[in-house]
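Quick look at what TrEMBL lists:
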ACT_SITE  B:Asp131  active site, proton acceptor
BINDING   B:Gly14, B:Arg75, B:Cys76, B:Gly105, B:Asp106, B:Gly107, B:Ser108  ATP binding site
BINDING   B:Arg24, B:Ala25, B:Val26, B:Val27, B:Arg28, B:Arg158, B:Gly189, B:Ala190, B:Glu191, B:Arg215, B:Lys217, B:Met218, B:Val219  ADP binding site
BINDING   B:Asp106  Mg(2+) binding site
BINDING   B:Thr129, B:Ile130, B:Asp131, B:Arg166, B:Met173, B:Gly174, B:Arg175, B:Glu226, B:Lys250, B:His256, B:Ile257, B:Gln258, B:Arg259  substrate binding site
DOMAIN    B:6-282  domain 'Phosphofructokinase'
4 protein chains.
Amino acid sequence: MKKVNNIAVLTSGGDAPGMNAAVRAVVRTGIYHDLNVYGVMYGYRGLLTDDIFPMESKSVANIIQRGGTVLKTARCLEFYEFEGRQKAYENLKKRNIEGLVVIGGDGSFNGAMKFSQEFDIPCIGLPGTIDKDIAGTDFTIGFDTAVNTAVEAIDKIRDTADAHDRLFIIEVMGRDAGYLALHSGIATGAENILIPEHTTTVDDIINDLQANERRKKMVNLIVVAEGHEAGGANGLAKRVKEKCPQLDTKVCILGHIQRGGSPSTMDRILASRMGYAAVDALLEGIHNVMIGIVNDKVAYTPLDKAVKAKQEIDPEWFKIVKILAS
Amino acid sequence: MKKVNNIAVLTSGGDAPGMNAAVRAVVRTGIYHDLNVYGVMYGYRGLLTDDIFPMESKSVANIIQRGGTVLKTARCLEFYEFEGRQKAYENLKKRNIEGLVVIGGDGSFNGAMKFSQEFDIPCIGLPGTIDKDIAGTDFTIGFDTAVNTAVEAIDKIRDTADAHDRLFIIEVMGRDAGYLALHSGIATGAENILIPEHTTTVDDIINDLQANERRKKMVNLIVVAEGHEAGGANGLAKRVKEKCPQLDTKVCILGHIQRGGSPSTMDRILASRMGYAAVDALLEGIHNVMIGIVNDKVAYTPLDKAVKAKQEIDPEWFKIVKILAS
Amino acid sequence: MKKVNNIAVLTSGGDAPGMNAAVRAVVRTGIYHDLNVYGVMYGYRGLLTDDIFPMESKSVANIIQRGGTVLKTARCLEFYEFEGRQKAYENLKKRNIEGLVVIGGDGSFNGAMKFSQEFDIPCIGLPGTIDKDIAGTDFTIGFDTAVNTAVEAIDKIRDTADAHDRLFIIEVMGRDAGYLALHSGIATGAENILIPEHTTTVDDIINDLQANERRKKMVNLIVVAEGHEAGGANGLAKRVKEKCPQLDTKVCILGHIQRGGSPSTMDRILASRMGYAAVDALLEGIHNVMIGIVNDKVAYTPLDKAVKAKQEIDPEWFKIVKILAS
Amino acid sequence: MKKVNNIAVLTSGGDAPGMNAAVRAVVRTGIYHDLNVYGVMYGYRGLLTDDIFPMESKSVANIIQRGGTVLKTARCLEFYEFEGRQKAYENLKKRNIEGLVVIGGDGSFNGAMKFSQEFDIPCIGLPGTIDKDIAGTDFTIGFDTAVNTAVEAIDKIRDTADAHDRLFIIEVMGRDAGYLALHSGIATGAENILIPEHTTTVDDIINDLQANERRKKMVNLIVVAEGHEAGGANGLAKRVKEKCPQLDTKVCILGHIQRGGSPSTMDRILASRMGYAAVDALLEGIHNVMIGIVNDKVAYTPLDKAVKAKQEIDPEWFKIVKILAS
């Protein structure tokens, strides 16, 4: 069955912890199957600039535990032009590369889809994003680490909130997806969570804060997704300060600390499994799919389906948040 | 539908990180539903010694992030005698307690099963064990934290192994279950993993070490489940030293550090969800089941079924270990 | 010599990790010497509102490892009025409290100084601040933890900076003191550090960035003290973006995560030693001093001297920063 | 003044976190002064086997935060023979290396001393050991990280001790030095500490345990230095179990997790400062000394004086331990 001899791997979009574990798995699984595995630096940009190099087993030694990505990543507008993709194709073709593993988010899959439709390079996507907003998989590489980083940070903020009887409004990443906010909020016992996917409004939050104040509950943590229409933590804080000027309100924007750091066990295992499955898929002749894990089994989703849909958040979680934060 | 007015909660068996989050969820969900919630100290022992007290919302403030269990835990041989259980029943009955939530492992469920068969106190089990060896649930409270603790420790050991070109044999907990060893081994890129559920033998490991030595691969980490018949890390090291005396072999037994510590995000969320579901089940009249999460949905398993079976480990993981550690 | 029978302890100003360890040490050392030890809630405010309670050995069990402060802290403008201090005095006097241990920063010592000058309550100050900007001591309680928290965060940001070839401008706390910025910058290999105590200017930084760009060094971390006149990280970023528009520049304001968290070993030991020394001083009749550690020995500084001076930063550190970041 | 053109650096003895930061500082400070800096692999062994290579600024990029040592380390008995040292000399001489920086413990300094007495290669020692048992410096590279690692582990064990009302006997590293045990014991509120430098005996500990049992204090943590004559944790546990059979006694040997891991802020800064000072000393013509930090200033100690003496432990610390653990 196996006809593939040369494959390449790249990381694209925002970096996510576990990307290195995925690269390691692709490289070593490839070598195990006697493939030549090429690394591409700086995502799609490296395809265009011919920043491509052969990788060995040693190239990926001791990286499973590292944050970031040894292959680096970058934006590359040219790849979204046909001429760019053609240049990319030529650089792959001259090395006889017959399969490309793209570790990244939906934007990156979008590019891979276009590329594979135009040229005969099968692409396999691995969902690497801390936002967890990709259809066709229960987990994405990086989410578990990022949410644990956010939780550790919020735990620290709670120490201070408790010491001072304060309200903290904490913004977490996730672009327009609320998973990071939801999970980190539940795990830290946040008094409220504001995410794009749910109907809690700024007015609801202000009502709750006023109710809490009446019953002398002064310590409050509110976790907000950066992409919420209220304008993130600063937007919400502005509204809260207008309506509850007597509260001691502070804002924390966790920011980029959520991207880096040594990946969690779950992300390392997930990335290892997905990287292994990506090579397996190429060998099996399965093309232009994203590797997902659904109910603890490998699942293939066509790259264009991985692009569009989003997971849904069960509304019962909001009931749980309310009850448990009481 | 609701006829329950008073419930109690206890933690039993070895402590596991996330037990406090589960207690918190039981207490607050109970109070939300206008129940009186009693805490029982020291597991079943507190039932016998009448160490039972009413809990309020504040009793569980700021414990979601704490390791250990505020309700403490203990062994209680008397509860495994009929007289002991009768005393327990009387202490519950005099407070009109109509439901008991038991957070613990299979041994604890065993006790709960007997108790509920003899007396009219419905029991709900929550799987709280770092060993993850319970049927009817994909995850147990404490496993994710324990495995991350083990992984952080092994990452540190790898620093030293690399610096010295050494072989480290590392023993992790799990009694006769190999999940902790398997997951921590994969996540740290261990060269070999020795668990009761799999056919890798001590001889296989020695062969691999000798092969690695021939190709000058001197840094080796082997993760062993404490319950492996080789006799844990010390047993394995003895055999290795006999056969490979020239290797610089060190043993680390991670031990009790794997039990404590602030629970991971996943364990906090899992425990919160399960605690919430436990009260829900009692209110719904669902009795004598363990709450599990299967494919991200709440699942009920009769307590006697939760006792016996074990999850299975997919043999493909061992192929992945071999390929990725290469 | 000992005539003291009753003492009180409070935490004041911004919370700092290790305050709980100091409270524990004061309470247990007092009890060991057969004193009654009172806790005062919410800093000086509790003195005025009579929020004062007797503490036992158990009151401080298991808090040495906790961030925040179990005695809470608050601003109290009234204490800076004579009437406020008189009320405070009356509340202490009615319990025959003959000594007050104040854990806080220079503002808090200022208040203690005024108080002890007007009323016969000897005060002992313990330097509890993450800013480390207090004369008379080599270390302050909380600094080591805060700087380690900042370093862990910046390490994560470096992962992302490396992955993307980016410039990150990172703001750390410290008000108008640069210790947190200096230490966290050196420890993370920051390319530049901007602090109020030193002559590096925004123009210097821009020149360096342009020089780095010319030699293709695109990953740059700059750590800025929040109190720098450039206007913190946002102020600096604005200037950098004007002058180096082609750089991919991101801002991170670490904020309140630097205050909380489990104290480091050094902070726990420092706080334990200082709390022990504070009671010792009261028993020895040493009054109105701050306890410091200078060259690893306990040193007393009159409270009014602890207020004014600042430690000096050796300019050689800036040479080291430059050389090592190269 | 400067006549040196070529220097070399190696790490020797047990690895310690911060060694990489020291290597980085030596390399970059050397390059800043236009020196050629050579790295020697595997400590003294690399000198003999000619495993020596030129280093550049990039060779030490992104290692300040890594545990272990990129130069690796090893035992080398041959270097303790004259012939071995002669071979080492020849390999240095053929590269015109005029100065050698040795990062290690007292055993390594011993070797360096002999070497520099016989051959004209000036040596500078940097104290790199988690044991902190070297005269002429207040701190050694690695101690602060190791003690924080031990403290984090013991904090976790306390969670379990509390949950179960247990006695834990915990063994920490340090060979025949008690600093790690003393500091980690104070910082975790250990009930007792057993170290070679102090007069507390096993009988004292048993008496204390019996007294604690009488007053129902069942949670006890005892920290033991591995080099205590009682035979470490296992030796002590044997004696305790004989005398106090009713206690639920568990043993934890923290072991090699104390060596690795990302260095703490203090160790990174210490190592950076010492590496910088080492090159400075060679340029200044200061030879055959260990770089220490005493009262926050660089101090030089002749290598043979760094070998013999040990720091002293103030007995007052034991009084503090007793009082605070009460």
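Placed from the backbone N, Cα and C atoms, the Cβ positions cover glycine too.
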Quiz prompt | Distance [Cα-Cα, Å, rounded] between B:Asp106 (ATP binding site) and B:Arg259 (substrate binding site) | solution = 17
Exercise. Just name the binding-site residues among B:Gly14, B:Arg24, B:Arg28, B:Arg75, B:Gly107, B:Gly189 whose Cβ comes within less than 8 Å of a chain A Cβ; none is a fine answer.
Key: B:Arg24, B:Arg28, B:Gly189
Quiz item: Of B:Thr129, B:Arg175, B:Gly189, which binding-site residues come within 10 Å of B:Gly14 (ATP binding site), going by C-alpha to C-alpha distance?
Solution: B:Thr129
Self-check item: Candidate recorded positions B:Arg75, B:Cys76, B:Gly107, B:Ser108, B:Asp131, pick with smallest Cα gap to B:Lys250 (substrate binding site)
Solution: B:Asp131
Quiz prompt | Span of the ADP site, taken as the largest CA to CA distance across B:Arg24, B:Ala25, B:Val26, B:Val27, B:Arg28, B:Arg158, B:Gly189, B:Ala190, B:Glu191, B:Arg215, B:Lys217, B:Met218, B:Val219 (Å, rounded to a whole number) | solution = 59
Quiz item: Inside 8 A of the center formed by the CB atoms of B:Gly14, B:Arg75, B:Cys76, B:Gly105, B:Asp106, B:Gly107, B:Ser108, which other residues of the chain have their CB, for the recorded ATP site?
Solution: B:Ser12, B:Gly13, B:Gly43, B:Gly104, B:Asn110, B:Gly111
Exercise. Sorry to bug you, but what's the C-alpha spacing from B:Lys217 (ADP binding site) to B:Ile257 (substrate binding site), rounded to the closest Å?
Key: 30
Quiz prompt | Least surrounded among the binding-site residues, given as B:Gly14, B:Gly105, B:Gly107, B:Gly189, when other CB atoms within 10 Å are counted | solution = B:Gly107
Quiz prompt | Neighbour count (Cβ, 10 Å) for B:Val26 (ADP binding site) | solution = 32
Quiz prompt | Cα-Cα distance maximum in Å, computed over every pair in B:Gly14, B:Arg75, B:Cys76, B:Gly105, B:Asp106, B:Gly107, B:Ser108 that the record assigns to ATP | solution = 15
Quiz item: Of B:Gly105, B:Lys250, B:Ile257, B:Arg259, listed here as binding-site residues, which sit with their C-beta under 8 angstroms from a C-beta of chain D?
Solution: B:Lys250, B:Ile257, B:Arg259
Exercise. Report the nearest neighbour of B:Gly189 (ADP binding site) in space among the binding-site residues B:Cys76, B:Gly107, B:Met173, B:Arg175, comparing Cα positions.
Key: B:Met173
Quiz prompt | Cα-to-Cα gap, B:Glu191 (ADP binding site) vs B:Cys76 (ATP binding site), nearest whole Å | solution = 41
Quiz item: Helix, strand or coil at B:Met173 (substrate binding site), per DSSP?
Solution: coil
Practice problem: Name, in the order they occur in the sequence, the residues of the same chain whose CB lies under 8 A from the CB of the residue listed as 'active site, proton acceptor' and which sit 6 or more residues away. | Solution: B:Gly105, B:Thr140, B:Phe143, B:Met173, B:Gly174, B:Arg175, B:Ala177, B:Tyr179, B:Leu180
Quiz item: How big is the Cα-to-Cα gap, in Å, between B:Arg24 (ADP binding site) and B:Gly107 (ATP binding site)?
Solution: 23
